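Asker: Would you mind keeping the following structure in view while I ask a few things?
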Amino acid sequence: MAKEHIVLFPFMSQGHIIPFLSLAKLISERHPTYTITLLNTPLNILNLQSTLPPNSNIHLKSLPYRSSDFGLPPDRENTDSLPFPLVLSFYQSGESLATHFTHFVSDLTRQNHDTPPLLIVADVFFGWTAEIAKRLNTHVSFSTCGAYGTAAYFSVWLHLPHAETDLPDFTAPGFPETFKLQRNQLSTYLKKADGSDRWSKFFQRQISLSLTSDAMICNTVEEMEAEGLRLLRKNTGLRVWSIGPLLPSLPPNSSLGRSGRKSGMEVSYIMKWLDSHPPGSVVYVSFGSIHDTAAQMTSLAVGLAVELATRSCGHSGRRFGGNRNRNSNPNGVPDEFEARMRGSGRGILIHGWAPQLEILEHESTGAFVSHCGWNSTLESLSRGVCMIGWPLAAEQFYNSKMVEEDWEWGGTCEGSGGGVRSEEVERLVRLVTEDEKGSDEENEQYDEMIGGYEEKGGEGSLSGQLIKFIGMESQ
């Protein structure tokens, strides 16, 4: 007898793998008789093995991949270990998985009494999967970003409206005239895009193919992004399901990160350090694993150092807890800054992965300086920690714009992406921590939208949305 099977295929990046893994676990809980297979490259699958309990109905399957075939360093299968100049080649290498993906789906169908998977849910960065999966009438795209950010990202890459004007701001097609984007907020490669460059060709192809899907999943909450979801549905013409927040969960005192990565510093030491500081006094800083530059990190360090130096060491003093990916530019954060923080006891710098959820949940954490990746944005909101946005690339600028202007949950560093002055960092740390952006009432509102959404019952809950999605899209 054929078994119901759902295939999940995230792009090879932690920001994509984490919500896909959360989705797999949610489906597993709600549909324990289903088999769920999560596909990826060998090293990513190896890292994920520790995240699943024994006898799980979630299977991990690796597809052959050799990074050196694409001019990349050996054993580089994730953006977290990649210098930025190689990122586009890495993105493009994903399409080499097409043959292996086709063979996997064909073998799975044959082994399951010629019954194809109930659903194939693939990353929007793997838009090419639509051509293969739709032969079986079973393809759904998954945007691991929010609805607002996804809609803006799609519009800007598909139409390149900034290339048609010299003005400092512009409107994205499909958005109201009042919706303005700033040219200086765009990443360097997007500013230069003209439709014939490699970046444009990659994103326009993957987005266009994703739009041929039967439907799309978005990692968001209907009540939180009603307008963003309306725009995304209108602009794509797809059924868009808000299945979120897909937030990771960790067992207490775990030393492993959200996708099987070990913390760069003992979690117990970090928690002890946080315990030693007053509530709301710590500024947590963490960016994504790519895009950071030495100049940006120096501005950050100087700005934080000035803010720390102008405060007493008493209750009002700010503390710094930072995370620097071990593969980032080793000259990014000045050595003297790290030494000063360590010597004064007012700061720690974590090299490698940080236990972000535990840090954000701790009462000592009062602000979060972030690149505004969507996972970090959801985690910050759900833990009631205001954000200082330092967007660097992708849809991060649109997320930061929404955090500041729509939700009033923090501020954005002026000049993000193209360089930020240290004075701007100092100003925003003071703004968020002294003015206490994010009242108790707002905290409760976002906790209800995000933190409490999964606990609700009924159709509006996360589980309810998932049941409706699987029921409709598998018909």
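Just so you know, glycine gets a Cβ as well, placed from its N, Cα and C.
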Asker: Quick one: which of Thr138, Thr144, Thr165, Thr171 does Swiss-Prot put in the UDP-alpha-D-glucose site with Ala354, Gln356, His371, Trp374, Asn375, Ser376, Glu379, Glu395, Gln396?
Answerer: Thr144
Asker: Near Trp374 (UDP-alpha-D-glucose binding site), how many other Cβ atoms are within 10 Å of its Cβ?
Answerer: 27
Asker: Around the C-beta of Ala394 (anthocyanidin binding site), how many further C-beta atoms are within 10 angstroms, looking at every protein chain?
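Answerer: That number is 22.
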Asker: Closest of the recorded positions to Gln356 (UDP-alpha-D-glucose binding site), Cα to Cα, picking from His16, Asp123, Ala394?
Answerer: His16
Asker: What's the CA-CA gap between Ala394 (anthocyanidin binding site) and Ser376 (UDP-alpha-D-glucose binding site) in angstrom, rounded?
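Answerer: That separation, Cα to Cα, works out to 14 Å.
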Asker: For each of Thr144, Gln356, Ser376, count the other CB atoms within 10 A of its CB; which of these binding-site residues has the top count?
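Answerer: That would be Thr144, with the highest Cβ count within 10 Å.
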Asker: Round to the nearest Å and give the CA-to-CA distance linking Thr144 (UDP-alpha-D-glucose binding site) with His16 (active site, proton acceptor).
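Answerer: Thr144 (UDP-alpha-D-glucose binding site) to His16 (active site, proton acceptor), Cα-Cα distance: 6 Å.
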Asker: Would you count the other CB atoms within 10 A of the CB of Asp123 (active site, charge relay), including those on all shown protein chains?
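Answerer: For Asp123 (active site, charge relay), the 10 Å Cβ neighbour count is 24.
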